Structure formats: structure tokens, C-alpha cells
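Sequence annotations record features per position, and here Swiss-Prot assigns NAD(+) binding site to 4-70 based on similarity to another entry. If you look up Swiss-Prot, you'll see R93, N147, R284 marked as substrate binding site. The site 'Increases basicity of active site Tyr' annotation in Swiss-Prot covers E109. Residues or ranges marked as Mn(2+) binding site by Swiss-Prot: C169, H200. Feature annotation from Swiss-Prot assigns active site, proton donor to D170. Annotation source Swiss-Prot lists active site, proton acceptor at Y264.
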Amino acid sequence: MKQFSILIAGGGSTFTPGIILMLLDNLDKFPIRQIKMFDNDAERQAKIGEACAILLKEKAPQIKFSYSTNPEEAFTDIDFVMAHIRVGKYPMRELDEKIPLRHGVVGQETCGPGGIAYGMRSIGGVIGLIDYMEKYSPNAWMLNYSNPAAIVAEATRRLRPNSKVLNICDMPIGIEVRMAEILGLESRKDMDIMYYGLNHFGWWKSVRDKQGNDLMPKLREHVSQYGYVVPKGDNQHTEASWNDTFAKAKDVLALDPTTLPNTYLKYYLFPDYVVEHSNKEYTRANEVMDGREKFVFGECEKVVKNQSSEGCALHIDEHASYIVDLARAIAFNTKEKMLLIVENNGAIVNFDSTAMVEIPCIVGSNGPEPLVVGRIPQFQKGMMEQQVTVEKLTVEAWIEGSYQKLWQAITMSKTVPSAKVAKDILDDLIEANKEYWPVLK
């Protein structure tokens, strides 16, 4: 079996050790000869990289390992780029969340004005990675799971339409893991699903078992009472903010009980509730900086200090196994059915053909073949048209350096009550993002 060379772009991410451990756990299915890391923050990456070097030496000494801030070094001789970058890191995420909240609007990483701000920072970073990949390893594929995936995917469609980039998100996978637990199934792969929408903005229209039996009634019954909170599940290890999001799905479901919703729809359908239950001084970004950031860097420090991973609490990122499934589908033409963010092109019959939609695809060595979804109901279509307009205007604003279009994008967001509030938020975001955004005129 061929052995592959992997580059993790965003090597300094706190998700990197979990992803590397997950890759090592799947070597029988996806053999690896080399793992590289790339980041533009040398100091941050070195802390993670030194610990990962020890993990690899212990668990898979045959795999060549390196990390670099030099694009040529990092991107040469690569088969797959796994991209998870956060331009501006968590201090900028904190502003994405707190600036809208100051104006009484949802402050969230990928939804509403915060997601638009993050998108404006991310476009240049992701396009840069694609260009490095195409220059130094022109046959490589990029598996991009950088947020905000919807805006990033639209930017890749507009700016690098022929690139070998697959945009994927783990949120539906996380919810499907919960669905499988609710149903008492071994794995989410025991379900056959049909899902449609935009990224962080979609609905399951059917869930069946492998024998074709309809599982929707049982799921709907559970979600209508408990949301996606799992009975006897590992809920105590889920942060409070996530538990609330999973529970709130029951109210989102009530709007259309024929489908099952993505949890992120709460930000668009219940923005008043979200703002009311937000702490304007301590947001999700603070939770992450005080939690996962300190934990992962602390554990990496211990590994380096002891020159051993013994007693180390870093664990495999199980959810991230979808990245291996995707890489295997390309490498070995497995024809696996996966949710990807792809150009609609008629898959959703009554929706913009150029929209980047999140739908099931059959993935093989030539990339994804989207499955036909058919027609979608007016309610979902209307919501998606409003949201895809936000995403398209944001990308146009970045390309054209247009203040007008970004103001329109924020105004169009279902989370924002008026054009005046949109303008006030935009002006504050411009001030905060001077280092990262193009100049808007």
C-alpha cells in the first residue's frame, strides 16, 4: 500500500496533537511516511511541534517528522495538506464575539457579524495555502476544515475554481455521532443520511439504517424533548455553552418538525435568546483560552520537559477520523459517501446553482460527485437564500475592497436587526481588524 506525505497547515493549533494521534491510530488504513507542520507563528508551532516529535518517535519512529515556517520546505513533497488555520488566533475571535454583543447582536465565531469578520481574515490565509501547495506540490489535494467554512468555500470557488481543494466541516459529524448514540447504534456509519443546506446552516431530511428502515421518527421524538443531549451520554465533559446549544435544538426542530436541524440554526432563529444568555465579558473564546489552550500547551510542555509522553493526557481526536476517511477516498478511490461543501450545480434543484452547499457526495480519486437532493421547502430555501447572499457579499467585499458590500452583508444577516446597527458593528470591526482585512473604500 502506498505511504503518504501529510502537511498539517496551522501546525500551532491546539487540535494538531489530537489529529496526529488520530493519524497514527489509522496507519493500517492510511499509511504515512512523512508528517510535516506549517504555521506562520514559529514560537507557537514549536511548542506543539516539539511534543509531537516525541509522540511520533515513541509511537511511529519510521515516520519522518518536521515543522517549519518556510513555505517551500513545508509544502514540497506533499500528497495531502490538512488545513486548519485561525488567522488572528483566539484574541481576534474574542473581538469577533464581543464587538457584536456590545451592540446587542449575536457574538459567535462563525455566525453573524463575528463570522463575517473571521471570514474576511481567513480568505487571504487559505488562498495563500492553496498557492503554496500548487507551487511546491502541484499534485497534492487540500482537505480544508478552516472556519468559517462557508465563506472560505465561496472564496475558493471564486478565486481558485480549478484547485484541488475539498471543504469539509465536522459539525454534522458531531451531531450524527449523537444521533447514533440516541438510536443505540454502534457508529454513525450505521446510518444512511440525506442532508442539505449551507455550512453551519442545514437540515437532515432523512436518516435510515443500512436495511433502509426510517430512523427519523425515533430521532424526532428524542430531539423534540431533549434536543441532541444524549441520555446517559458523556454530557458532563461537554462545556456548558455546548450543552445549551445541543439542548436548544428542540426549539429549532419545532419550526419544522419534518426535518432535523443543525444546531447552529439557533443563532439565526433565536438570536434574542442567544444574546440574553450570553456573558458579554466572558465568551466562548475566553472559555477556549482558559480551557483547551492552557490544557494542550500545558500537556505539550510536560511531554517536552519529560522527553516522554508517559502520563500525558493528550488524546486522539476521534471526530477527526473523517479527515482520514476523506484522504482515503481520494487516495484509494473508496467511493465513500461524505458531506462536503461543493458548488450546487443543480443538486438542489430550486436553489442558486453557484451557491456552495453542504450535501452528500460520493468521493473518489477524481474528487466529489454530489448527490441530487431535489427540491427543498420554501422555509429552508428562503433562509438559505438570505444566508448565501451574506456569504457571497462578504467574498465580493474582500475581493473588491468594498465597504458598501460588507455593510450589505452584515445588514443581510438574520442575526442583525437593522442597517444602522450593521454599520455601527462594521465600523468597530474595521478598527479591530486593521492588521488583517484589506482596506475597505
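From the backbone N, Cα and C atoms, a Cβ is placed for every residue, glycine too.
Locations of recorded Swiss-Prot features on the structure.
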residue: S13; record: NAD(+) binding site; Cβ neighbours (10 Å): 22
residue: M22; record: NAD(+) binding site; Cβ neighbours (10 Å): 20
residue: P31; record: NAD(+) binding site; Cβ neighbours (10 Å): 14
residue: N40; record: NAD(+) binding site; Cβ neighbours (10 Å): 16
residue: G49; record: NAD(+) binding site; Cβ neighbours (10 Å): 24
residue: E58; record: NAD(+) binding site; Cβ neighbours (10 Å): 15
residue: Y67; record: NAD(+) binding site; Cβ neighbours (10 Å): 24
residue: E109; record: site 'Increases basicity of active site Tyr'; Cβ neighbours (10 Å): 21
residue: D170; record: active site, proton donor; Cβ neighbours (10 Å): 18
residue: Y264; record: active site, proton acceptor; Cβ neighbours (10 Å): 23
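Neighbour counts of Cβ atoms within 10 Å were compared across the binding-site residues H200, R284; the minimum falls on R284. Here C169 (Mn(2+) binding site) comes close to Y145, N147, A149, N199, H200, L339, I341, E358: these same-chain residues lie at least six apart in sequence, with C-beta atoms under 8 angstroms from its C-beta. In this structure, the C-alpha atom of R284 (substrate binding site) lies 36 angstrom from that of P31 (NAD(+) binding site).
You'll find the Cα of Y264 (active site, proton acceptor) roughly 17 Å from the Cα of R93 (substrate binding site). Annotation for R93 (substrate binding site): same-chain Cβ neighbours under 8 Å, separated by at least 6 residues, are R86, E109, G114, Y118, R284, A285, V288. The Cβ of F4 (NAD(+) binding site) has 19 other Cβ atoms within 10 Å, all protein chains considered. If you draw a 10 Å sphere around the CB of N147 (substrate binding site), it holds 22 other CB atoms from the protein chains shown. Annotated substrate site R93, N147, R284; additional same-chain residues within 8 Å of its Cβ mean position, judged by their own Cβ, are R86, Y90, D96, E97, Q108, E109, T110, G114, Y118, A285, V288.
In this structure the C-alpha atoms belonging to M22 (NAD(+) binding site) and D170 (active site, proton donor) are separated by 14 Å. According to DSSP, M22 (NAD(+) binding site) is assigned to a helical segment. Residues R93, N147, R284 are listed as the substrate binders, and the farthest two of them sit 15 Å apart at their Cα atoms.
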